[in-house]
Amino acid sequence: MLVHIPEVLSRDQVRHCRELMARADWVDGRITAGHQSAQVKRNLQLPEGTPEARELSELVHGALSRHPLFMSAALPKTIFPPLFNRYDADGEMNFGSHVDNAIRTVPGTGVRVRTDVSSTLFLSDPDEYDGGELVVEDTYGSHAAKLPAGDMVVYPGTSLHHVTKVTRGSRIASFFWTQSLIADVTRRAMMFDLDMSIIRLNADHPDHPSVLSLTGLYHNLLRQWAEV
């Protein structure tokens, strides 16, 4: 299940992020890759723990907690502190097919996060670069995402995915993982579909008695399936 989440960041917030990144020093992105991923990863990354990275991470984390569509799609229990990467054309940068590590440890804390949901928040507009599509594979085929700056795509952490080679410009993004209250991807997708159906029904028929009964069903399923 891929979900496009629009306007996670405003244009002003994106501009602020880009200004911070312009002052920062970038390093080889393989510093956060697992053994398998490091063999196919060619990009740059902001080092964790720098003042710029901390401010950017806090900005993105705050925006996520205020976005109802992300909360519905991911049902977050723990969000790994957002990271930031860049793919440049002059380095022929790309990220070959891989699956994200199942468990991530938050640096300096010992807190472990199960990567149920993967997210990419675009910080470059599509016309700023060629290539650089995020391609996610599932049982229904391949799905490519190349979204406006400030928009985000979320998808199951179990998915095989890759980033195509950037041939012009630079692709800048934030990426992170979420441990969901519901680990099972099928149950999580069902809850998202149910929540969206309730929202649409309430918008069209706010006094319909099914709004209340379906809302009760949603919370009872969450009570049964959630890990807290």
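Glycine too: its Cβ is placed from the backbone N, Cα and C atoms.
For 78-180, the entry in Swiss-Prot reads domain 'Fe2OG dioxygenase', with the evidence type sequence analysis.
According to DSSP, Asp100 (Fe cation binding site) is assigned to coil rather than to any helix or strand. Taken from Swiss-Prot, the feature Fe cation binding site applies to His98, Asp100, His161.
According to Swiss-Prot, the 2-oxoglutarate binding site annotation covers Arg171, on the basis of sequence analysis. Every protein chain considered, the tally of other Cβ atoms within 10 Å of the Cβ of Arg171 (2-oxoglutarate binding site) stands at 28.
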Using the centroid of the Cβ atoms of His98, Asp100, His161 as reference, list every other same-chain residue with Cβ within 8 Å of it (recorded Fe cation site), in sequence order. Ser37, Phe95, Ser97, Val99, Ser118, Ser159, Leu160, His162
Tell me, in order along the sequence, which binding-site residues from His98, Asp100, His161 have their CA within 10 Å of Arg171 (2-oxoglutarate binding site). none
Taking helix as H, G and I and strand as E and B in DSSP, count the residues of the domain 'Fe2OG dioxygenase' (78-180) in helix, strand and coil. 6 helix, 59 strand, 38 coil
Smallest number of other CB atoms within 10 Å: among the binding-site residues His98, His161, that is His98
